[in-house]
Each structure stands twice: as structure tokens, then as C-alpha cells.
Amino acid sequence: MDKEKLDVKIEYCNYAMDSSVENMYVNKVWVQCENENCLKWRLLSSEDSAKVDHDEPWYCFMNTDSRYNNCSISEEDFPEESQLHQCGFKIVYSQLPLGSLVLVKLQNWPSWPGILCPDRFKGKYVTYDPDGNVEEYHIEFLGDPHSRSWIKATFVGHYSITLKPEKCKNKKKWYKSALQEACLLYGYSHEQRLEMCCLSKLQDKSETHDKVAALVKKRKQTSKNNIEKKKPKFRKRKRKAILKCSFENVYSDDALSKENRVVCETEVLLKELEQMLQQALQPTATPDESEEGHGEEINMGEKLSKCSPEAPAGSLFENHYEEDYLVIDGIKLKAGECIEDITNKFKEIDALMSEF
């Protein structure tokens, strides 16, 4: 078979398929059986579809075509959506009611149960294409935790109680909890299901605006309070530093004044001590040289008598001089009250120095 004949045959097949699709589906309507154990799609003629009450459920036994009027009969071959597009057709989905329990087909995920509920931001649960047909649904997915998203109507179908769990590679616990929740909500009414949609509850726009404004105001007040709180802390620390510095200055001033006082008192005591020593030296000092020499001899004699180990301890003369005089560096000093006063002065000086 040459190439020209093959191209002609392919074109003929495409034309035959297009014409068959057109003849089969023009002026006809697909209706889904609402039996939860069936959910098959049946093709109705335009006359039969006109008799369908959209407010009432429809089942397979209501089909006038005897070939497909039982739930046990398999579904008719349904063309791919791309084939319909090539012929200029498109699938139009009827709008599912709010609060419906649905099953969503997701890529790389098992069919996931959810509830049709309003988007709290848009305030609606369905969007339409330019022709006025259903395009997307807002769905809150079941499971722990809930999640929400806008899904194309192509991937949204009725939930069936006979659904068998599919293989789930990831989030197995999440998928299991979603199926359990779907079984629980299956017997609920549409209104009760909407109450379970915690992520999608409608809020008044004015109320939302007020909440946002209150939140912004609260944040401003919080930031303002934080600034006000920070300022006193800074000032308090600054004041503490100033007080500490002042205290140290006062303390240092007190220490200096105390030091000056001790030094002055010590100087006074030293002067008094010097006067006492001068008074103690007066009896031994004589104006003429002969007396000075004589005094020196006496002093030397006293030195020898005191330093000599041979001198008797019980000598009255030495005892008299020991009681009345004290020899320091060869100088004879008056004893008695003068020596006692000098000792007391030294004690006072020691006390002042220890205090300093």
C-alpha cells in the first residue's frame, strides 16, 4: 500500500469517527444515576432529557433505552473529551448542590472525599465559564487536618458509600481519616455537612474588615506600648548610672575628706610629740661647755652602768635613775609622766593610721 492510499484511508477513518461522534452525541444528554452503588452515566435523547426533573433524583430504571436501564448493566463507551473538542463539542456538567459529599480525582493521589462549600473569601462555591456552564467547585477536603482548594468540575463526582480504598503511597493516615469522616458524613444533611466545614465558613465582609482593622490597631498599640516600655527602661538605666556615678563621687569626696582629717590629726599629734621630746631633753641640757662635758660623762657613765653585766641589780642609784630617766642613743630623757604621755601619743597615731 502506497503512502497516498494510506493518507486517504486515515482521513476517511477520521471523518467516519467525527461523523459517528456527531451523530451519536448531538442533541443528547448524559445523566448520572444517583444510586450510591451505581453512579453510572446514561445517554438520553433530547426528548427523554427534557422530561428529567432536575430537582428530583434520577436512576437507571428511568431510562427508556432498554439496553441501559438497569444498574447492573455496564456504562456506555464514553468518548474522550479531546475527541469531543475536535468535533466542536464540550462536556457541560450540571451544577451539584451546596453541601454535597463528593469524590475528587487527583493526579498522583487516590480519589479523595470532600464537601462542596463556599470560599470564605469569594463567598461562593462554584464558578462558571463564559457560556454560563459550571467550571470549578470550591471543595473542603476531609481528613485530619482539613484542606481546601478550587477544583475543575471535570474531576469532581458524587461520593459512593461502596467506595473501596485505593492505594496511597503518602499520607496513609490522612487518607484513612478522610474515608472514615466521609462515611460518618454520608448520612448527614447538606446543612449539617456545611457546619463541619471549619475552613470555609462564610464571614461578613464588614465583620472581616472590622477584625482586620482591630488587629492592625492592636498591633500598632502593642508596638507603641513596647516603645513606651523601652524608653523608661533606658532612662532608668541612665539614671542608675548617674546615681552610681554621683554616689562614687560623693564616696570618693568623703574618703578624701576623711583622709585629710586623719592626716591633720596625725600632724598635730606629731607636733605634740616633738614638743614632749624637747621637754624631756631640757634637764640634761646645760648652757656652758663644762657642764655639757660633765653631762656627757654622766650619761656615758649611766650607759656603762646600765649596759654592764657586772653591775649589781639591787643598786639604789641605778634604780633611782631607771625610774627617773630613759637613755636613748646616749641621750638621757626625763621619765615618768612624760614617757607615759609619749606612749599614749604613739598609740593615738597608730589608731589613726589603722583607721586611715
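Numbering starts at 1 and runs along the chain as it is shown here.
Just so it is clear, glycine is given a Cβ too, placed from its N, Cα and C backbone atoms.
Since this is a predicted model, take the numbers as computed values, not measurements.
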Listed range which Swiss-Prot flags as region 'Disordered', given the options 221-249, 279-307: 279-307
Least buried by Cβ count (within 10 Å) of the binding-site residues CYS33, CYS38, CYS60, CYS71: CYS71
Assigned element (helix, strand, coil) containing CYS71 (Zn(2+) binding site), judged by DSSP: coil
Average model confidence [pLDDT] within the domain 'PWWP' (98-162): 90
Number of helical, extended and coil residues in the domain 'PWWP' (98-162), per DSSP: 3 helix, 29 strand, 33 coil
Cβ-based neighbourhood (8 Å from the centroid) of the Zn(2+) site, residues CYS33, CYS38, CYS60, CYS71 excluded: ASN35, ASN37, LEU39, LYS40, ARG42, TYR59, PHE61, ASN70
Assigned conformation of CYS60 (Zn(2+) binding site) - DSSP reduced to three states: helix
